[in-house]
Amino acid sequence: MCRIAGALRTLLPLLAALLQASVEASGEIALCKTGFPEDVYSAVLSKDVHEGQPLLNVKFSNCNGKRKVQYESSEPADFKVDEDGMVYAVRSFPLSSEHAKFLIYAQEEETQEKWQVAVKLSLKPTLTEESVKESAEVEEIVFPRQFSKHSGHLQRQKRDWVIPPINLPENSRGPFPQELVRIRSDRDKNLSLRYSVTGPGADQPPTGIFIINPISGQLSVTKPLDREQIARFHLRAHAVDINGNQVENPIDIVINVIDMNDNRPEFLHQVWNGTVPEGSKPGTYVMTVTAIDADDPNALNGMLRYRILSQAPSTPSPNMFTINNETGDIITVAAGLDREKVQQYTLIIQATDMEGNPTYGLSNTATAIITVTDVNDNPPEFTAMTFYGEVPENRVDVIVANLTVTDKDQPHTPAWNAVYRISGGDPTGRFAIQTDPNSNDGLVTVVKPIDFETNRMFVLTVAAENQVPLAKGIQHPPQSTATVSVTVIDVNENPYFAPNPKIIRQEEGLHAGTMLTTFTAQDPDRYMQQNIRYTKLSDPANWLKIDPVNGQITTIAVLDRESPNVKNNIYNATFLASDNGIPPMSGTGTLQIYLLDINDNAPQVLPQEAETCETPDPNSINITALDYDIDPNAGPFAFDLPLSPVTIKRNWTITRLNGDFAQLNLKIKFLEAGIYEVPIIITDSGNPPKSNISILRVKVCQCDSNGDCTDVDRIVGAGLGTGAIIAILLCIIILLILVLMFVVWMKRRDKERQAKQLLIDPEDDVRDNILKYDEEGGGEEDQDYDLSQLQQPDTVEPDAIKPVGIRRMDERPIHAEPQYPVRSAAPHPGDIGDFINEGLKAADNDPTAPPYDSLLVFDYEGSGSTAGSLSSLNSSSSGGEQDYDYLNDWGPRFKKLADMYGGGDD
């Protein structure tokens, strides 16, 4: 039986190839027919169709290849066809009977000829246990036969077989290993073959799931499979001889893991949150809950269905919401959502696989919390019909009245926040209403000054609204409008000048006492009987005065346009007007006097200093004129030289270049270097003209080849004369003398320090300072000593050269003084050690001076000592005569010890 099946598998591809060749041959002979080659196109789909999913391709035969065809679907809301004939889903929907069949139209653009074809959609069949068993009964897979050269003719080799997949259910209980199929080659009759499989699950991770008997070719599975981990295994079977040579081409073996319902649905979130506006109509979308199942989504094991288990609270209806059992969309099914009554609903949602079968399906639950959001279904209402307030005149940013409202909507939301609008009583826009964000009150504020003399009272009409419009069907009640009565309080206002500033035109040069104008102010308080007095506030040049009663302005000095206080021909003066109200108020006004120019300033030469060479060439001096007046009292100017002194015109000449410039040149061939003052007559063009003799200071200097003054001349020209140079030298000499005197003083001071003696005068008793050696406790008894003697002990002179009058006060010994070797001088006489050595030397030479031997007891250890005479003690090395003559060098204090060991009489 297995061999017959193998033969059929071998013949089937051959028959299919022959059939295809015959069809192609017949097609070439048959005539081409324009239109759809099929009457009905079929497609097998899963239950759910997704948006944009390609379904099938309808073929249209276009014989001449030049016709342009447009496709159209009979169900354009669900299906569309592109220009290549590919049919796509327009939207996502579950496949049902109403979508099972539709038409596709093809219309030619030129002739408008139209064709149609039917499309039939069917559901993909679900695998059952019987089909799984049937697929599992495949017992033997035979390697396809290979053809080769035979009888000298080259025959076509047949293609490899396509082995049908092996379907194996997951979670099988065994026993293991469980045999699946037997793989063999029909060449096993003549050869001893060995079989093996490769691929993931065999020799690749995860390894060891599938094994094969190398002798019999029996393929087995070693443990249960999990489709959620690996849904398909792709193995390759091999057949080799005992030498390892390949006998057959490898074949592909596909093992499909059949899904079992072993996974519960799992919600993406355990708690879902959604919102719905209050007052929503039935059918309003709320939210979508989603659960996933790890099982095959194309099988019943992964097809989920949703339902609502419970709703809390159950008012106003226990079924306020429903859920789409396939998509999980939650919508409203009843009216009556009111946030002011119920603000939140809690739903328990269940998801069940096996298309919701309560008997075989697995279930899981989640919680959906639906919050009822507020809409503007409650308008704001004023707490009173009329509000009152008052404001002083001319005040801005003042709160006049506080408007209060009530609103039942959710606080601090656009449906609760109030917006106030003035609908009447304020045509000029002097008031505004701002909303307090915390209390929702309306604050009536003055934004423009109010004049009591113009308006004494305002009656405003105010309307209250929300930031968002009211819900449909809700109207504003009369309580949403109120009246605000505002009373204006009269206050004393500032007097004001009109016009301000006031501009007048006057010629400069007016004499003192001239009345210029009257500058008066007005009092806006018409209902107050008040007097105004005037004072001068600012008069930079002190030219004016004002009458305190009538405001007449009179000059007290000559007006000068050229004054630095005049800017752009205008002089500014400020005056103050004050009333006698309570409290008194004042206002300022500015008087601007535009001064007309008169010819009161004579021109001056510019520049006032210049330099030129001793010879006329190559330099000339260009000059101009400076006139503080303006046209026509300024240029053009006339330049000339005076007749006196005669040397001016003899040495110089002036040439007028234009109305503003002239040129001064040397008239003689050589002029000695020096400073010359050249008078120049300059006349302006005023009426009458004004002349002036202006002095030009000219420096004549020696010039180089470029016509520039040399450095010596520039130094002279800079004003550094002989006197200045002498003064500088004297300062330098004095400074050097001071430095020299300081150096001499420092040298003398050092010599005085060196001349000081370490031992002071006889009348000063210093024995405590230099002869007390054994003091170890307490501080110094004598603090009165010269510290410099310790710092500079090198100034102490030897005894042989002590000056007369300085001697020791110690008592001289009664016997002759011994002679001691003179110690070498210290290498550093400035050290304090030299000071101590000198004192020690003096003490050694005078043994009778204190401290005395009877007082310097260093080895007293207390009475009652058991030790005998120290002369009886011998050292460890006293084995013979030793030389103790060196004790004589230790001084008179060790004389007795030297006599004891040296053999003296004592």
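Glycine is treated like the rest: Cβ placed from N, Cα and C.
According to Swiss-Prot:
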SIGNAL    1-25  signal peptide
MOD_RES   SER96  phosphoserine
MOD_RES   SER135  phosphoserine
BINDING   GLU170, ASP226, GLU228, ASP262  Ca(2+) 1 binding site
BINDING   GLU170, GLU228, ASP259, MET260, ASP262, ASP295  Ca(2+) 2 binding site
DOMAIN    268-382  domain 'Cadherin 2'
DOMAIN    604-710  domain 'Cadherin 5'
TRANSMEM  725-745  transmembrane segment
Among GLU170, ASP226, GLU228, which are recorded as binding-site residues, the nearest neighbour of ASP259 (Ca(2+) 2 binding site) by Cα: GLU170
Env. residues of Ca(2+) 2 site, Cβ within 8 Å of mean position of GLU170, GLU228, ASP259, MET260, ASP262, ASP295 Cβ: ASN171, ASP226, ARG227, VAL257, ASN261, ASN263, ALA294, ASP296, ASN301
Which of ASP226, ASP295, the listed binding-site residues, has fewest other Cβ atoms within 10 Å: ASP226
List of residues, in chain order, with Cβ under 8 A from that of ASP262 (Ca(2+) 1 binding site) and at least 6 apart: GLU170, ASN171, ASP295, ASN301
Spatial separation of MET260 (Ca(2+) 2 binding site) from GLU228 (Ca(2+) 1 binding site) - C-alpha basis, Å: 10
Fewest other Cβ within 10 angstroms of its own Cβ, chosen from the binding-site residues GLU170, GLU228, ASP259: GLU228
DSSP-assigned states of the domain 'Cadherin 2' (268-382) in counts, ordered helix, strand, coil: 6 helix, 50 strand, 59 coil
For the domain 'Cadherin 5' (604-710), residues assigned helix / strand / coil by DSSP: 6 helix, 51 strand, 50 coil
Spatial separation of MET260 (Ca(2+) 2 binding site) from ASP226 (Ca(2+) 1 binding site) - C-alpha basis, Å: 9
Other CB atoms within 10 A, centred on MET260 (Ca(2+) 2 binding site): 19
For the domain 'Cadherin 2' (268-382), mean pLDDT (0 to 100): 94
